[in-house]
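Student: Could you have a look at this structure, given as structure tokens, before my questions?
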Amino acid sequence: MLLSDRDIKAELTAGRLGLEPFEQGMIQPSSVDVRLDRFFRLFDNHKYPFIDPAEDQPDLTRFVEVVADQPFILHPGEFVLGSTFELVSLPDDVAARLEGKSSLGRLGLLTHSTAGFIDPGFSGHVTLELSNVATLPIKLWPGMKIGQMCFFRLSSAAEKPYGSAEYSSRYQGQRGPTASRSFLNFHRTDVSGTEAGRSSS
């Protein structure tokens, strides 16, 4: 069930849902606007010949902090990691989804490339996957509205929410944009037994 503005306010008041720092004016009819922090991670294209999700590549990105009153310039075709200004904390029975702002999308800014879903139990600053698909550079101002977060109540509380000992929960408690940690639980299925155009069953 998608939470309404009334539901979101009730969850915040009860302390079950956390958004820090929070401003009342950020609440929309069924979402909450989130803002851009001043921290970014830029890809260094000269450190590795290719990106391999199975390998630890610690120098793939470099950390950049911009002055709070100055913009970060995102060039056409560029992809960087950013993060929400807000620290987001979810209870065990609420999941969230980050969506871009329509007005920014019409300028060619993509807020997240794929990872918009946030598991129940998560706590941290949400990493943004920012892309410029326009033909001109885009100024990204720290503190600007960068996306909107909607919340979904689960039919029951998660048995093992994000952050549980059973899961690696690689991004729990993250501060600022966090580089990929896909190598920590990389999984690859053996597909050698299948033939093209035929089902394995």
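The chain as shown is numbered from 1 upward.
Using N, Cα and C of the backbone, Cβ positions are placed for all residues, glycine too.
Got these off Swiss-Prot a minute ago, pasting:
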ACT_SITE  E129  active site, proton donor/acceptor
BINDING   K101, S102, S103, L104, G105, R106, D119, T127, L128, E129, Q148, Y162, Q174  dCTP binding site
COMPBIAS  166-183  compositional bias 'Polar residues'
REGION    166-201  region 'Disordered'
SITE      G116, F117  site 'Important for bifunctional activity'
Student: Between D119 (dCTP binding site) and the residue listed as 'active site, proton donor/acceptor', find the distance joining the two CA atoms and give it rounded to the nearest Å.
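Tutor: Distance between the two Cα atoms comes out at 17 Å.
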Student: Using DSSP, would you call G105 (dCTP binding site) helix, strand or coil?
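Tutor: It is helical.
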Student: Take the C-alpha atoms of F117 (site 'Important for bifunctional activity') and L128 (dCTP binding site) and report the distance between them in angstrom, rounded.
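Tutor: The separation of the Cα atoms works out to 11 Å.
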Student: Work through the recorded positions one by one (G116, F117, D119, Q148) and point out the residue whose CB has the fewest other CB atoms within 10 angstroms.
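Tutor: Taking G116, F117, D119, Q148 as the recorded positions, the minimal 10 Å Cβ count falls on F117.
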Student: So which one is it: of the binding-site residues K101, S103, G105, which has the fewest other Cβ atoms within 10 Å?
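Tutor: Each of the binding-site residues K101, S103, G105 was scored by Cβ atoms within 10 Å; lowest is S103.
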Student: When a 10 Å sphere is centred on the Cβ of the residue listed as 'active site, proton donor/acceptor', how many other Cβ atoms does it contain?
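Tutor: Excluding its own Cβ, the residue listed as 'active site, proton donor/acceptor' sees 17 Cβ atoms within 10 Å.
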Student: For L128 (dCTP binding site), what residues in its own chain, 6 or more apart in sequence, show a Cβ-Cβ distance under 8 Å?
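Tutor: Once residues fewer than 6 apart are set aside, L128 (dCTP binding site) is near L36, L81, G82, S83, T84, L98, T111, H112, I146, G147, P177.
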